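Visitor: Have a look at this one before I ask anything.
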Amino acid sequence: MFDFRPFYQQIATSTLSAWLETLPLQLKQWEKQTHGDYIKWSKIIDFLPHLTADHIDLKSAVKAETKTPLSSGERQRIIHHLKQLMPWRKGPYHLYGIHIDCEWRSDFKWERVLPHLAPLQNRLVLDVGCGSGYHMWRMVGEGAKMVVGIDPTELFLCQFEAVRKLLNNDRRANLIPLGIEEMQPLAAFDTVFSMGVLYHRKSPLDHLTQLKNQLVKDGELVLETLVVEGDINTTLVPTDRYAKMKNVYFIPSVLALINWLEKCGFHNIRCVDVETTGLEEQRKTDWLENESLIDFLNPQDHSKTIEGYPAPKRAVILANK
């Protein structure tokens with residue numbers, strides 16, 4: 001089990017202090033609902049060594065090194081523990097000579113998003129659906145004052161805490177295992193990221209409103225999601241699965257997505273990137289035993305999913321509250 005009290009202390013004197021009215025009780029309830037694997041996963045973090053990195057790079061990667069390299073045996077023990085937390089989906093991480101080669105090259109997405117962002121220096125940042133926290137560390141690397149990630153998945157919390165322990169227990173990033181719908185409206189974050197979440201929502205406009213409720217006035221929303229070609233009235237609603245995912249509900253065109261954001265009261269809305277997901281960005285690795293993108297596409301025509309829908313294409317939209 002993880003101790004969230006250091007986070008409570010961090011936010012007690014910040015603009016997030018109002019969150020303390022609800023958060024401690026919510027996390028106590030969350031702990032009561034965790035399943036047996038969570039206990040096993042959380043104990044793995046205890047088995048990881050207490051290492052002090054002499055060099056940490058969060059600006060160009062998520063990387064930690066010591067002046068004296070670890071022995072082969074030490075590296076193998078760490079790899080053994082980290083592989084018990086598979087699958088590792090978002091990365092990569094480079095920790096003491098260990099390359100955690102995750103399913104997603106999330107650094108590709110970060111390179112696409114970063115040039116368009118309002119500078120993160122000294123900003124309070126929220127990352128919704130943060131997974132194991134790869135992008136959170138990159139946000140810290142850009143100078144964010146504090147990054148809060150929310151994701152209810154127990155495995156992601158354990159992966160995040162494992163990486164944090166190997167990054168000198170850096171407290172500038174914190175993962176809270178809740179969903180956005182469980183957060184009270186704080187209107188406290190300078191930048192809010194929602195990347196790879198919107199299409200999993202049965203009510204996408206509610207999700208956009210929830211994101212808006214966490215932003216300060218004129219704060220920046222960074223929205224990355226699946227899109228399809230089409231006009232302002234085009235939205236794909238898969239009948240069953242999309243790319244073998246059963247929880248995909250709405251995939252709009254870029255113009256439809258901009259219309260949704262306008263309807264929710266955002267302004268200064270602009271699409272800064274559209275990219276088809278490539279096989280070099282999402283693929284099988286030794287850190288993932290599951291299927292990956294190649295298995296989700298039509299083997300005869302990679303421009304379509306295995307169900308016959310357009311292959312995954314992702315847009316990055318920026319907007320202000």
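Positions of Cβ are set from backbone N, Cα and C atoms, glycine also.
Computed from a predicted structure; not experimentally measured.
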Visitor: Among G73, G129, G219, G230, which residue does Swiss-Prot name as a further carboxy-S-adenosyl-L-methionine binder in the site formed by K90, W104, K109, D151, P152, T153, I180, E181, M195, Y199, R314?
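Guide: Given K90, W104, K109, D151, P152, T153, I180, E181, M195, Y199, R314 bind carboxy-S-adenosyl-L-methionine in Swiss-Prot, the matching entry from G73, G129, G219, G230 is G129.
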Visitor: When you measure from the Cβ of E181 (carboxy-S-adenosyl-L-methionine binding site), how many other Cβ atoms are you left with inside 10 Å?
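Guide: Taking every protein chain into account, the count is 11.
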Visitor: For K90 (carboxy-S-adenosyl-L-methionine binding site), which of the three DSSP-derived states applies: helix, strand, or coil?
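Guide: For K90 (carboxy-S-adenosyl-L-methionine binding site) - judged by DSSP and reduced to three states - the answer is strand.
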Visitor: Hey, what's the Cβ neighbour count for Y199 (carboxy-S-adenosyl-L-methionine binding site) at 10 Å?
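Guide: Here the count is 22.
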